[in-house]
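Listed features, source Swiss-Prot:
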- TYR137: active site, proton donor (ACT_SITE)
- LYS165: active site, schiff-base intermediate with substrate (ACT_SITE)
- SER47, THR48, THR167, GLY189, ASP191, GLU192, SER208: aceneuramate binding site (BINDING)
Amino acid sequence: MATNLRGVMAALLTPFDQQQALDKASLRRLVQFNIQQGIDGLYVGGSTGEAFVQSLSEREQVLEIVAEETKGKIKLIAHVGCVSTAESQQLAASAKRYGFDAVSAVTPFYYPFSFEEHCDHYRAIIDSADGLPMVVYNIPALSGVKLTLDQINTLVTLPGVGALKQTSGDLYQMEQIRREHPDLVLYNGYDEIFASGLLAGADGGIGSTYNIMGWRYQGIVKALKEGDIQTAQKLQTECNKVIDLLIKTGVFRGLKTVLHYMDVVSVPLCRKPFGPVDEKYLPELKALAQQLMQERG
């Protein structure tokens, strides 16, 4: 059902203008930039996309624009997760209407929901997605929901679930999931362990830094398929040097600043309460943008 979703999927950023409104022109440029750099698909409206500081209407607009801009050229996964099941269902129905290939939802957070309530939440979204496969999104560090291996096994075997986005540094658990579910599409979620995640059993990844250097991650996939561990390690090291800087600057605003210097995003701002990049990092981010543009050619 979801085997065609394997690959390198950029977790799409959402550009805003100086007034904090959705910047549709920059969003369209960013989609095209990702297509041109050779990624396999886009994961739209997730953590990287600042979904939880947007209205439901804005999230639907983003889905519609991305679908219009891609025109079936790449795979599209719509993150529709909200704390509210009803709102998640509304977004899932919109994703189906706009022609997305799959939906995804983070575990409902903030309130201490029972595991059965989590399962019911996913069942309802799957029903509203009307046949689109579900990508369960496990990100305990941000959601605060720490699923056990048995609970993950239960979620990924719900009817309609086709994939898991495993944003966790627990590579042992990644391997356990792969061993238990050989046909499950399994995404590595932390960019800094992409190569390790693939070796632990992931089919590909969904990541924020793919927006600026997706070709490097494709290079890691290619190297590992060819048994070239040395090249994969070298590429991962180069990716991690970038990630080291982005962690200092704030990842999303740092990425937007790099894309601003690449003439992709007009305004390098995230939505408040996120603040701007500290000016002391701007020279490093500008140099990084120039380096990546030269490398990409």
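Cβ coordinates are placed from backbone N, Cα and C, and glycine is handled just like the others.
The structure, with features from Swiss-Prot marked on it.
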residue : record                                               : Cβ neighbours (10 Å)
SER47   : aceneuramate binding site                            : 21
THR48   : aceneuramate binding site                            : 23
TYR137  : active site, proton donor                            : 24
LYS165  : active site, schiff-base intermediate with substrate : 28
THR167  : aceneuramate binding site                            : 24
GLY189  : aceneuramate binding site                            : 27
ASP191  : aceneuramate binding site                            : 25
GLU192  : aceneuramate binding site                            : 18
SER208  : aceneuramate binding site                            : 24
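Comparing C-alpha positions, the residue listed as 'active site, proton donor' sits nearest to LYS165 among the recorded positions SER47, LYS165, GLY189, GLU192, SER208.
The aceneuramate site is defined by SER47, THR48, THR167, GLY189, ASP191, GLU192, SER208, and by the 8 Å test on Cβ atoms against their centroid, the other residues of the chain that qualify are ALA11, TYR190, ILE206, GLY207, THR209, VAL251. You'll find the Cα of the residue listed as 'active site, schiff-base intermediate with substrate' roughly 12 Å from the Cα of ASP191 (aceneuramate binding site).
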